[in-house]
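Engineer: Residues or ranges marked as ATP binding site in Swiss-Prot: G207, P208, T209, N210, S211, G212, K213, T214. Per Swiss-Prot, compositional bias 'Polar residues' is recorded for 693-705. Taken from Swiss-Prot, the feature compositional bias 'Basic and acidic residues' applies to 749-771. Here Swiss-Prot flags 194-334 as domain 'Helicase ATP-binding'. Under the heading domain 'Helicase C-terminal', Swiss-Prot lists 353-518, citing sequence analysis as support. What Swiss-Prot records for S725 is phosphoserine. The region 'Interaction with LAMTOR5, important for protein stability' annotation in Swiss-Prot covers 650-786. Residues or ranges marked as region 'Disordered' in Swiss-Prot: 690-730, 749-786. Swiss-Prot lists 1-22 with the feature transit peptide, giving sequence analysis as the kind of evidence.
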Amino acid sequence: MSFSRALLWARLPAGRQAGHRAAICSALRPHFGPFPGVLGQVSVLATASSSASGGSKIPNTSLFVPLTVKPQGPSADGDVGAELTRPLDKNEVKKVLDKFYKRKEIQKLGADYGLDARLFHQAFISFRNYIMQSHSLDVDIHIVLNDICFGAAHADDLFPFFLRHAKQIFPVLDCKDDLRKISDLRIPPNWYPDARAMQRKIIFHSGPTNSGKTYHAIQKYFSAKSGVYCGPLKLLAHEIFEKSNAAGVPCDLVTGEERVTVQPNGKQASHVSCTVEMCSVTTPYEVAVIDEIQMIRDPARGWAWTRALLGLCAEEVHLCGEPAAIDLVMELMYTTGEEVEVRDYKRLTPISVLDHALESLDNLRPGDCIVCFSKNDIYSVSRQIEIRGLESAVIYGSLPPGTKLAQAKKFNDPNDPCKILVATDAIGMGLNLSIRRIIFYSLIKPSINEKGERELEPITTSQALQIAGRAGRFSSRFKEGEVTTMNHEDLSLLKEILKRPVDPIRAAGLHPTAEQIEMFAYHLPDATLSNLIDIFVDFSQVDGQYFVCNMDDFKFSAELIQHIPLSLRVRYVFCTAPINKKQPFVCSSLLQFARQYSRNEPLTFAWLRRYIKWPLLPPKNIKDLMDLEAVHDVLDLYLWLSYRFMDMFPDASLIRDLQKELDGIIQDGVHNITKLIKMSETHKLLNLEGFPSGSQSRLSGTLKSQARRTRGTKALGSKATEPPSPDAGELSLASRLVQQGLLTPDMLKQLEKEWMTQQTEHNKEKTESGTHPKGTRRKKKEPDSD
């Protein structure tokens, strides 16, 4: 039937018109495409629904962000649907749509197509708005709505149109099976065909710290024709790089921020020392060494060890680490058809847990290392040591590598008056330190769980062994190591922790690749990168030997730069840049770098100098020192990006020289850290008054087990506190929280404002009701209850 003939059919009276609707749809199909809304379609859809649902894993539909479908404006051809039938009565249409929404059969049918209650509701709201707000509708849906209004069709006939609209706003509904295939992570060994094409020999060097396990693996590395060392830290990669070249084995260095080739012609050496994330899984080697293999369980970085273990193309792969990783490694290698040879090592020097705690900083001896788990504890301990006329070195995680090495050298030098080290668990690996006695200032380490909540937990056995093992190392002048705690009540818990067996590692980390995310983006082109990651993790399938690593830092960066126009691959690279999201200046720098990149404006040396306001002054207080550390991290970020986008970050060598100069400024600041602490106290930038020579709040007695998983300020409710000293009479709970690093002064001010507001509201309620607020009554009763 021709188009003009179809129009003639549309002039028929309403009754005859409805009777011939199927014929009209058939006539118009060549002109307007298929009509999904013919009568009887619902039953057909119901029959096909079982195949449409696909897959057995129920997705988390809260991750599906609906797209916006704009209502249709006036058409240049006019309202063809109205010409074929008649204009629609919006009130009648609304009644039809409401009836459609309430139909249980329709809701059930929607569920068969992946529309749970939440998606169904969102899709209907969008569908209704589209229908009601459009100036003209497509011919097919206009005709169906007209017939329903006149009783010639059923409301169920709207379902095909509704489903089509739902797939427009939720495109994931149309490609769930494809997304499941892309995110199928159940056979990671198949991702590395080059490694699978060779028969590798896996040798596991198992033992505690200071057992010589890494030494034996490195000797094999030195004697090989070619090799790669994969370490967890830049410091370790640098150490092997220097040792290898000193031994006459030419070795290159590859880290995220640095590339060093030793051959005069720039040719790659046969050996390379790198951080584990930077190892090549396509270059063939004779020997590969993967250090600290137990970090394969790390929630954030475990994927890098998994990738190295499964993907390195080496005839021999030497693994160094804790015995807890042996079973998992053997299981993983069973899936690749490779056998594992285990070589056990014993500690080379004895280590003992003392029966007495330090109790007071007056009892410090040369070679002592006090391990703290917060910067505020480091500052306070350093200040107390300085008051006693002693000199201490300071090492914590956010210090630049050069500063850490300088402080380690100062502490190790027998001719230097510095005989005490105050450090965080950053000393657990990567530094050679001559420590006689490890003193745990606290056994409670703040951490962030998978929900982003702050937790206070005792350190694990693995962490305790790693830190305690730094005492009395074979290569140091102290051949016997000792371990104790600052407070006596912590000593029994430390002994208990050290005696516990280390839990075997159950699973290895995985991470989506850029290629997998790109394939996701192909199917979901309008989704944000953060949303793509959420959907990928939700759809991903892993077996019991693997887990998907925590992607929170990646998502944080993705959301930070979401509004910057970048290609997906470039955006992905920016999001993998290692930044400390607790540093506002570093985060804003990532944003600024991305913005400059999007404008195609190279980030030159001159531009960066202006951005960081170079030259920088030496620090006058702790805040200045922390600001300099943040600037150092920004320069690290520039160097990291310079190896990914050389044309846009062209001045890496100049920036590296600038960073070395900054490192020197920071070293001088840390060398005089007690002076900075004094200045901070003077200007009330750091409140350490009344701080006793022990920890402020400790787990003790039976409360220890109860407080192993506490959150926020609730942790203090499960702790027993020491009686305050006479000098600390004014020491409040808020002060203790600040000193322990659980609150910043700014956070405390905000809380004080909120408390004042709440108190004002309570007083107002009291005045209006004539009754005492509950909080006020309790406060009055407290003295009587003691």
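Just so you know, glycine gets a Cβ as well, placed from its N, Cα and C.
On a predicted model such as this, the values are computed, not experimentally measured, just so you know.
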Engineer: Taking the Cβ of G207 (ATP binding site) as centre, how many other Cβ atoms lie within 10 Å?
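Structural biologist: Result for G207 (ATP binding site): 20 neighbouring Cβ atoms inside 10 Å.
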Engineer: Using the recorded ATP site (G207, P208, T209, N210, S211, G212, K213, T214) as reference, state which further residues of the same chain have their Cβ within 8 Å of the centre of those residues' Cβ atoms, listed in sequence order.
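Structural biologist: Surrounding the site, in chain order, are Y345, R347, L348, G469.
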Engineer: Looking at the binding-site residues P208, G212, which one has the fewest other Cβ atoms within 10 Å of its own Cβ?
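Structural biologist: With the binding-site residues P208, G212, fewest surrounding Cβ atoms within 10 Å: G212.
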Engineer: State the count of C-beta atoms found within 10 angstroms of the C-beta of N210 (ATP binding site), not counting that atom itself.
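Structural biologist: The answer is 22.
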Engineer: Counting each residue once, how many in the domain 'Helicase ATP-binding' (194-334) are helix, strand and coil under DSSP?
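Structural biologist: With helix first, then strand, then coil, the domain 'Helicase ATP-binding' (194-334) has 57 helix, 38 strand, 46 coil.
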Engineer: Might you list, by sequence position, any residue in that chain lying six or more from S211 (ATP binding site) with a Cβ less than 8 Å away from its Cβ?
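Structural biologist: Y345, K346, R347, L348 - these are the non-local Cβ neighbours of S211 (ATP binding site), listed in sequence order.
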Engineer: Out of T209, T214, which of the binding-site residues has the smallest number of neighbouring Cβ atoms within 10 Å?
Structural biologist: T209
Engineer: Near K213 (ATP binding site), how many other Cβ atoms are within 10 Å of its Cβ?
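Structural biologist: Around the Cβ of K213 (ATP binding site), 24 other Cβ atoms lie within 10 Å.
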